[in-house]
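One structure is given here, and the rest of the page talks about it.
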Amino acid sequence: MKEALEPAKKRTRGLGAVTKIDTSRSKGPLLSSLSQPQGPTAAQKGPKKTGPRGCTAVGSVLKNQKLAPTAPAQKPVRKRPGKRPDWDLKGQLCDLTEELKCYREKTQKLDQENQGLQEQLKEAQEQAAALGTERNTLEGELASVRTQAEQCQQKLEALCARVLELEEWLGTKENLIQELQKEQLELQEERKALATRLEEQERRLQASEAALLSNESEVVCLRQKTAAQVTLLAEQGDRLHGLEMERRRLHNQLQELKGNIRVFCRVRPVLAGEPTPSPGFLLFPHGPAGPSDPPTRLSLSRSDDRRSTLTRAPAPTTRHDFSFDRVFPPGSKQEEVFEEISMLVQSALDGYPVCIFAYGQTGSGKTFTMEGRPGGDPQLEGLIPRRMRHLFSVAQEMSGQGWTYSFVASYVEIYNETVRDLLATGTRKGQGECEIRRARPGSEELTVTNARYVPVSCEREVEALLHLAHQNRAVARTAQNERSSRSHSVFQLQISGEHAARGLQCVAPLNLVDLAGSERLDPGLTLGPGERDRLRETQSINSSLSTLGLVIMALSNKESHVPYRNSKLTYLLQNSLGGSAKMLMFVNISPLEENVSESLNSLRFASKVNQCVIGTAQANKK
C-alpha cells in the first residue's frame, strides 16, 4: 500500500504555488498600453510566467477570459486646411477647437477600453483565486485520505502482528515451564517498578511538607496584611461616616435656609373646550436674574363687577400680586415639579418627617400633580410614583455605606371626618371602623386601626397600591369636575433605616396628601337630593382645611395649644407637622377667569402659610 501511495505523493508536488498569483505585474503593462495608442496592447500579450507550475493556472484563466483585443487608437482625422493668415484668428480658433474635440473623443475611447480591460483582469483574478481555494481544499482532502490510509496500514500491521503472536502462543503451549519462568521475571520487574514508585511518592511527600511549611508562613504574612487592610478599612469607614454625617447636617441646613415650610404654586393649563383667558389675566414676572431665573411671583387681575354696575362704566381691573418659593406656569412639566422636591427624599431617609400637600379648588390639578394620569406615560407620572422611584434608588445607593432601609406603606382617605382604608380588598372592605390611635401606650406614634400596612420594596409594588387606592377613592360629580375627589387622601410611607455596624437607627414618616377640592358654598343654591350630600361634603372639607390653617398658624405663633384634634386630618398628621418636620404645600389654581374668586382664596391661604415659620426640624434618630 505504501508503494501505491508514493506515486500519489509525487504527483501532488509543486501544487502549493498555484494559490499565489502575482496580479501586480498585469497592472503595469495595462496602464502603459493606455498611454501608447499605437501598437498592440499589453493585454493581448498575456501575463508573464512567474512560477514553474502555479502561473500556468493563471495563464489558462487569462486565456479562457478571451480578452478583447484593443484596436490601435486612430489619430484624429481632420483636414489640414492651408495656412490661414495671421489676421484670421477666428478661423485658427475653429481649427484648434476641432482638433481638441478629436483628441477628447480619442481620450474617451481609450478610457472605455481601459475600463473594459480592467474588468476582464478583475474577473480573471477572481477565477484564479477561486481555483486556488479549490486546490487548497483538494490538497486538504488528499492529506486526510493519506492519513486514513496510513492509519489503516498501521492497524493492518497490528492485526498481522497479533495473528502471528497468537499462532506463536498456540505453537508454544507445550513450553509452559519456560512461560512460567518468563512470568516470574515480569513479576520481579513489576516489584522493582513498585519500589521505584514508592520512593517517588516519598520524595513528593517530603516536597509537599516543605511547601506546606512555606505556605503556612505565607498565610501568616497574608493574615498580617489582611489585619492591616481591615484596620485601614475601618478608618476609611469612620471617615466616610463622618463625611456622611456632615453631608446630612449641611443638607438639613440648606433645607432650613430654604424654609421648613415651603409653598409652591402651580397653574394648570387650559383644557380642550375651555375658554382662553384674556391677555394679562395671569402674569408670571421674571426673577432678579431675568428669564433664566425660575419664577417665584404670580400676578392675577380681577374686575370689580359691583362698581361697574353702579357707575355704568367699564369695570376697573384690580391686580393681586403673590410671592411664593416657586411658581410653575401652565407649561411646566411633571419632571420640573419633581426636581424641586427631590431633595426632600434625602431628608426623609435621613430621619426627618416630611409632609407634602396638594391644595386648591376642585379641578385645579391636585390629583394630577400627586398621582399623575393613568395610562403608563412616564412624562405624566405624578409626584408619588416619581418620589417612590427616587426614594428606592437613593436607598439602594446608601446600602453601600452600610445603611439598610425598610418601607411600610398605607393609604387612607378622610371623607366627612371618617377615616377609610383605600387599600382594603375583598372581605376586608367595611370590616370595622378605622380610628386613629396611639401605636403603644405612651408612644407618640399614631396608627390607623383596621387599615392595611403593606411592606414595599420596589416602585412596582407602590404602583399597584396606587392603582387600588384610585379605584376605592370617593369621587362625585361637581360643577367644576366630572369626577371630583370628595375626600382627603393621605399616602403614608414609614421609613426605617439602620446602620448595624454603628448601631444607628432612624425612623421617619413620609406623607403625601391630596387635599379635597376647596370651594365656597353658594348661599342661593337650591338643594336637591344629591346636592345635600355635596353640601355636607363641602362643609366637612372646608372645616378640615380651616383647621389645617389654624394648626399651621398656631405652630408658627408657638402657641401652647395646637388644635390637632379639631380635625381627623390634622390629628393623623400631627407627627409630620410642627418643628420636627419639613412641609411643602402645592397650591393649585385654575387658569380660567370664571374661577378667579376661588383662585384668590387659594392664593391668599397659601400666602399665609408661606409666611409661617415653625422652627428647626430635627431628625428622629435612636
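Cβ atoms here come from the backbone N, Cα and C positions, even for glycine.
The ATP binding site feature in Swiss-Prot is assigned to G360, Q361, T362, G363, S364, G365, K366, T367; the stated evidence is sequence analysis.
According to Swiss-Prot, the coiled coil annotation covers 95-264.
Feature annotation from Swiss-Prot assigns compositional bias 'Polar residues' to 32-41.
Taken from Swiss-Prot, the feature domain 'Kinesin motor' covers 260-612, and the record attributes it to sequence analysis.
Among the features that Swiss-Prot reports, phosphothreonine is placed at T309.
The region 'Disordered' annotation in Swiss-Prot covers 1-88 (among others).
Per Swiss-Prot, region 'Disordered' is recorded for 279-323 (among others).
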For G365 (ATP binding site), the three-state class that DSSP assigns: coil
Model confidence over the domain 'Kinesin motor' (260-612), averaged pLDDT: 83
Among Q361, T362, S364, T367, which are binding-site residues, the residue with the most C-beta atoms within 10 angstroms of its C-beta: S364
